[in-house]
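Asks: Quick one: this structure, given as structure tokens, is what I'll be asking you about.
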């Protein structure tokens with residue numbers, strides 16, 4: 001936190017001398033801590049996978065996003081439009097990866113902390129209203145996840161505008177908002193192979209079936225109730 | 001070298017098309033004794049339905065022949081489960097289709113791609129072709145450098161073999177998501193290039209001729225290298241890539257692309 005303020009202050013000083021072009025600092029991101037141990041989601045997701053997924057994959061997205069952001073800042077300051085445009089792709093990919101995984105860690109919880117407990121109150125009713133039942137929703141999401149070709153995510157989202165729940169998929173690390181500007185992610189399931197391969201190998205459907213046992217509906221409810229009070 | 005050219009198929013992979021005639025759909029009862037069934041068959045000539053399906057090609061080496069660079073476990077999963085899965089999925093889809101009959105795998109890929117609006121069969125067909133091509137792009141004791149004509153062509157189009165290698169590795173590491181990296185011979189430009197594609201797409205779709213491919217889907221390297229893509233790509237370039245196969249494919253490609261043609265600029 002302190003480092004970030006230092007960066008901003010430095011560029012502020014420079015900005016006041018050169019005009020307004022360097023007033024903003026580069027807000028880099030950092031790897032969030034997991035709210036539970038690596039092995040806490042066993043046997044649904046192995047500790048090995050959680051450790052690799054968090055320490056290596058998510059960390060790589062964070063590092064590459066920060067690099068791309070620094071480069072973007074430099075390119076924008078110079079007015080180097082081709083570089084600015086070229087950097088959109090790694091920013092979308094790595095930034096998306098950071099956003100998506102940050103949500104994902106909060107979507108999961110060990111069984112002893114309420115993982116797998118079905119949703120109640122307003123989210124529970126909304127699910128019954130839009131999908132018929134929780135089983136119907138999980139089946140739908142599992143089907144979409146299994147059918148997804150390549151790498152991507154399956155989402156349970158809330159359409160803020162129409163106050164409606166939707167199931168969507170996104171490719172690679174595209175965040176849910178790329179499918180609709182009013183979509184808010186409630187739950188996301190990572191169906192990149194790195195999320196399950198070491199444990200489930202090619203049997204993606206088993207991974208999808210089991211992940212509901214550690215799904216943190218409390219978090220999803222909180223987000224839902226904030227948007228739909 | 002200890003690796004003879006006779007045991008490899010120099011022609012582009014195409015899983016063999018097999019045909020079976022399925023009678024049971026149109027016979028009223030399977031309890032009819034055989035003789036009566038024969039008569040029914042002769043009488044109901046028009047009722048026959050023909051089922052075509054593709055067979056799974058084996059890699060041209062044993063599943064443990066690429067150790068320690070690509071483990072037997074990986075090949076068992078990658079070929080035995082993923083590749084086989086694509087093939088069986090394709091056969092199931094084709095069982096319901098009347099239109100997609102009688103194509104070679106290469107033709108099927110192009111037809112199901114439907115110029116960018118792919119049919120559901122495309123993903124399976126393309127991945128079957130891609131994996132056939134991939135197994136044959138590797139060999140035990142691979143790596144090193146190509147020789148003769150192919151090396152000359154690479155040096156002409158990339159400056160040096162080292163430069164090509166760097167470009168190939170860079171393409172592999174900068175690929176976002178699942179996909180493939182290819183060394184292709186571009187038909188129109190009449191030169192070699194490094195190309196990266198997403199998911200199941202291959203250079204066949206824009207009529208170029210692939211020479212070498214590398215699978216960058218996570219399932220290709222995760223069991224052996226976890227998240228260390230760089231190591232996997234290095235190992236492929238240094239120990240697995242089959243330049244013999246590349247030379248054979250180049251030789252075949254030259255019957256379609258005239259590389260000796262002088263590049264005269266159009267006024």
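Think of each number as a place in line: the chain as shown, counted from 1.
Glycine residues also receive a Cβ, built from the backbone N, Cα and C atoms like all the rest.
Please treat TrEMBL annotations as automatic predictions, because they have not gone through curation.
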Asks: Taking TrEMBL at its word that A:53, A:190, A:194 bind Mn(2+), choose the one of A:98, A:101, A:130 listed for that site.
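Replies: According to TrEMBL, the candidate sharing the Mn(2+) site with A:53, A:190, A:194 is A:101.
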Asks: Out of the binding-site residues A:53, A:101, A:194, which are near chain B, with a C-beta less than 8 A away from one of its C-betas?
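Replies: Sorted by position along the sequence, the hits are A:194.
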Asks: Go through A:101, A:194, the listed binding-site residues, and name the one with the sparsest Cβ surroundings, counting other Cβ atoms within 10 Å.
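Replies: Each of the binding-site residues A:101, A:194 was scored by Cβ atoms within 10 Å; lowest is A:194.
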Asks: Just how many other Cβ atoms lie inside 10 Å of the Cβ on residue A:53 (Mn(2+) binding site)?
Replies: 24
Asks: Between 0 and 100, where does the mean pLDDT of the domain 'Manganese/iron superoxide dismutase N-terminal' (A:30-109) sit?
Replies: 96
Asks: Taking the centroid of the Cβ atoms of A:53, A:101, A:190, A:194 as the Mn(2+) site, which other residues of that chain lie with their Cβ within 8 Å of it, listed in sequence order?
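Replies: Leaving out the recorded residues gives A:54, A:57, A:58, A:104, A:192, A:195.
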